[in-house]
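Asker: Okay, handing you the structure first.
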């Protein structure tokens, strides 16, 4: 009996070793395949060298402005209200509520890793996070300030901010709308979230589970990488929603039919084109699509298969792809998530902070 048990242990060990070796080999092959399509997130030092104007002082100022509701008409909405860093840079609402408690026009994209997108907003109307930062401030449905001058006036009435702007930009005309958005953008450029998938791309073949590896292979083989590739797995191009089968609302059930990029360019070919979203942290950035019409990631993948690929993906394949997408969930740095102590207002009509 002892001999039989020993033989069984040896046999099981041998089988396990073979399975491990096969999985390891598959992981290595998948890694080589993936490295032709994706890139890991850059290190913070690389980002800093690419943006020499992004100093620690500017980032600190942007951090404060990002969390400051006094930059909204009613003093009740900050950037973080809709792009909450505690919930992966979104608020999990289909459409965020602005300063007058009215819903916005589209689902707000996450600010995490947004600096790596080639354009900003669903319709690409802003080129970078600095330009994007100015949009919500002046949008009457979002933060609701009347114009750039009002934004400058709000900031100029807070002595602590004026001092910070002078330290960074000099004494001559330190507080400008451009400087405000530059500071917010500098902070957003630090919102990078390394994930298990980045460790995998850097050579750690144990970073993904067997199911996630299977999902990665299916993600690549089905052709999802035609849009979702590169360092941000998206964010680098525009694509028609309903490319193969549409219109898109027959899948999402959306009652409003947003024409996307067309609203910016008025070019007929741009109808129903949207900037491809990043898939980083997609596990938690629900609801999905430009209108926030789909809450389930499984259903979103299913819809993408039909609308973009013209295929009804098997349930098992969808489950595997979702498992892979979960490997894109990263970590928001503790420093970035800290709610800063804001400088005091001089007028009581704005919220007092310190």
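Cβ from N, Cα, C; glycine included.
As annotated in TrEMBL:
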type	residues	note
SIGNAL	1-21	signal peptide
DOMAIN	57-166	domain 'Cytochrome c'
BINDING	79, 82, 83	heme c 1 binding site
DOMAIN	210-329	domain 'Cytochrome c'
BINDING	224, 227, 228, 304	heme c 2 binding site
Asker: Mean pLDDT across the domain 'Cytochrome c' (210-329), rounded to an integer, is what?
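Answerer: Averaged over the domain 'Cytochrome c' (210-329), the predicted model reaches a pLDDT of 97.
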Asker: What count of other C-beta atoms do you get within 10 angstroms of the C-beta of residue 82 (heme c 1 binding site), across all chains shown?
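Answerer: Its Cβ has 22 other Cβ atoms within 10 Å.
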Asker: If you count Cβ atoms within 10 Å of each one, which of the binding-site residues 83, 228 comes out on top?
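Answerer: Of 83, 228, the one with the most crowded Cβ is 228.
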Asker: How does the domain 'Cytochrome c' (57-166) divide up by DSSP, counting helix, then strand, then coil residues?
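Answerer: Grouping H, G, I as helix and E, B as strand yields 50 helix, 4 strand, 56 coil.
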Asker: Below 8 Å Cβ to Cβ and six or more residues apart, same chain only. Which residues does that give for residue 79 (heme c 1 binding site)?
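Answerer: When sequence neighbours closer than 6 are ignored, residue 79 (heme c 1 binding site) has 65, 66, 67, 71, 111, 133, 136, 184 within Cβ distance under 8 Å.
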Asker: In this structure, which of the binding-site residues 224, 227, 304 has the fewest other Cβ atoms within 10 Å of its Cβ?
Answerer: 227
